[in-house]
Amino acid sequence: MLLKMSAKAKPDETLYPSECWEELVLSPRHGVKLARDHALSLAEPGTQSYISGYRLYLLIASPVAILFLTLLDSSIISTAIPRITDDFHSTLDIGWYGAAYQLANACMQPLVGKLYTYYPTKTVFLFFFAVFEVGSLVCGIALTSPALILGRSIAGVGAAGIVNGLLAIISGSVPMVKRPTVVGLGLGIGQIGMMLGPLLGGILTERTTWRWCFFINLPAGVVFAAPLLVVKVPEQFDKSTNQPVVDFIFHKVDLPGFASFTPAAAMFLLFLHYGGNQFAWFSPTVVGLLFGSLCAFTVFLWVEIRKGADAILPLRMIRQRIVWCSCLVMAFSVATTFCSTYFLPIYFQAVIGATPIMSGVYLLPNIISQLAGTVISGALVGKLGYYLPWSVAAGALLTTGCGLISTYSPTSSKTSWVAYQTILGLGRGVGMQIPIIALQNTLPERDVSIGTSFMMFGHTMGGAIFLSLAQTVFTNSLRALIPVYAPSVDPRAVIAAGTTHEGLATVDESNVAGVLLAVCKSVNRVFYMTTGAAFAAFCFAWGIGWRNIRECKDGGEGKGGQECADEG
């Protein structure tokens, strides 16, 4: 006799989505085993047909090139920031040029994951890239610092879907055992954009104007996106839906969670930005922002608990140790990336007196070693199978590199510039794709896009929070140290002048050395903070699991990583 499965008989939905159990018919003889097999067949429909050879590389060439462009955009502004602060007299906004981008990116991640789960990958990918292009245009024509921040926010919304889209394309095209190599290759090529960013930004800033750091995205974007328009992109699973996007947003997207999280995050970042800068820490404005952020975050948690599986951050996913550890490793690692990208140019241009071009050249050891580490670790993980050792090693290298860079002084040698940045870059490169591989190896394919969005949420929020913290540390340190090393100089005048060597030329010659020392020590304090973030990444790296991807996926145990998920 066949029995309809009752609600009480449903096994734990933390592993199998609720939709997998609808209209499920059980045989008492086979019991839960039949239910589990049926649920898995619904969660992972069909046998995935992978591609290889030149077809694979032709497929991923366009999204990798677009990733190259977005990563170029993330670093090209670093060597332009000192000139931007000179034009807009906006030293206090340095952190916001990166934080606005990251905050907008983070707020969009839950929607990104849902869109990639229910709609064609190519359509969603091209939509987000078009938004990124609009943001680049706004940045290029900005006449004020707030307008530039707005443009960075729009670009951040667009960039939110790029990495997730590339990983979705790779997941639908490549078996798990080969993904570390392909992901490493794709991210490695993309990292060339980050490698060239500071140098290209320096050339454009010095030879033309910093605005071309953003205008360059427009023609290049058209060229890079064109091939994707005519290429068929395989899907990870069936995404056939006739639901209009507007209906989808209202029925599938956690709008109350989205509406409560966004102000909570924005007020918290404003609290970090204004505290000790424009306003005293205990001023009504700063205290009000903190209180408002806590209230909005409390509402957000309440909404998420009530929404259950439909929440913006599904609890069934967050409960898995590998998922939240991978997210935290990514968040703390990217904190070191963005802080070094934004504040090392200040050291080279303000303290050393380098031109924007030479500042970009001095950053090359950091970026080249990161590229090498990314490609090498991706290949070795695919060859050996285990990813935990690489994540731990990356955390150790990051901590060492940040700690050494925090010792830079106005008289540091070029050897130390190269050596310390090489250690930092290797740490960033070796660990870059490890959290992604751990997550893809743990979650069923249907959950990979949402899980990746959760990780990118941690990635972008980590960058936004730590950039705001770094800005606060930097400006507060300047206010405290300039009176110590250059007592006759007004700290407010130095902050308003900007952070290029030319911007500090207004300082009396007898006080220049003291001001430069204060700027250098302020950058040092930023790297004290990033050293702590790197050590946190090292600690959480131990929680991503000792798994062999050659056994857990595509090795006979079934597709989707379910066996791995059951083990942990």
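Glycine too: its Cβ is placed from the backbone N, Cα and C atoms.
Just so it is clear, the model here is predicted, and its values are computed rather than measured.
Some features that TrEMBL has for this protein:
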TRANSMEM  56-82  transmembrane segment
DOMAIN    59-549  domain 'Major facilitator superfamily (MFS) profile'
TRANSMEM  94-112  transmembrane segment
TRANSMEM  124-143  transmembrane segment
TRANSMEM  149-170  transmembrane segment
TRANSMEM  182-203  transmembrane segment
TRANSMEM  209-234  transmembrane segment
TRANSMEM  255-275  transmembrane segment
TRANSMEM  281-303  transmembrane segment
TRANSMEM  323-348  transmembrane segment
TRANSMEM  360-380  transmembrane segment
TRANSMEM  387-406  transmembrane segment
TRANSMEM  418-439  transmembrane segment
(request) Using a Cβ-Cβ cut-off of under 8 Å, list the residues of the same chain that are 6+ residues beyond the ends of the transmembrane segment (182-203) and lie near it. (result) 56, 60, 63-64, 67-80, 166-167, 170, 174, 210, 213, 216, 341, 345, 355-361, 363-364, 367-368, 370-371, 374-379, 381-382, 429, 432-433, 436-437
(message) Counting only residues 6 or more past its boundaries, what in the same chain has a CB within less than 8 Å of a CB in the transmembrane segment (209-234)?
(response) 49, 51, 58-59, 61-63, 65-66, 68-69, 72-73, 76-77, 80, 83-84, 87, 120-122, 125-126, 129, 132-133, 136-137, 139-141, 151, 169, 172-173, 200-201
(request) Using a Cβ cut-off of under 8 Å, list the residues of the same chain at least 6 residues beyond the transmembrane segment (281-303) that approach it. (result) 254, 256-257, 260-261, 263-265, 267-268, 270-271, 274-275, 311
(request) Counting only CB pairs under 8 A, let me know which of 124-143, 323-348, 418-439 has the most with the transmembrane segment (56-82). (result) 323-348
(request) Calculate the per-residue pLDDT averaged over the domain 'Major facilitator superfamily (MFS) profile' (59-549) and state the result as an integer. (result) 84
(request) Please check if the transmembrane segment (94-112) comes into contact with the transmembrane segment (323-348), where contact means 3 or more CB pairs closer than 8 Å and the residues in each pair are separated by 6 or more positions. (result) yes
(message) Looking only at the recorded stretches 255-275, 323-348, 360-380, 418-439, which one has the largest tally of CB-CB distances under 8 Å to the transmembrane segment (387-406)?
(response) 418-439
(message) How about long-range neighbours of the transmembrane segment (323-348): same chain, 6 or more residues beyond its ends, C-beta under 8 Å?
(response) 74-75, 78-79, 81-82, 94-95, 97-98, 102, 194, 198, 317, 354, 356, 358-359, 362-363, 366, 391, 394-395, 398, 402, 405, 408, 421, 424, 427-428, 431-432, 434-436, 438-439, 442-443, 451, 454-463, 465-467, 470, 474, 499, 519-520, 523, 526-527, 529-530, 533-534, 536-537, 540-544
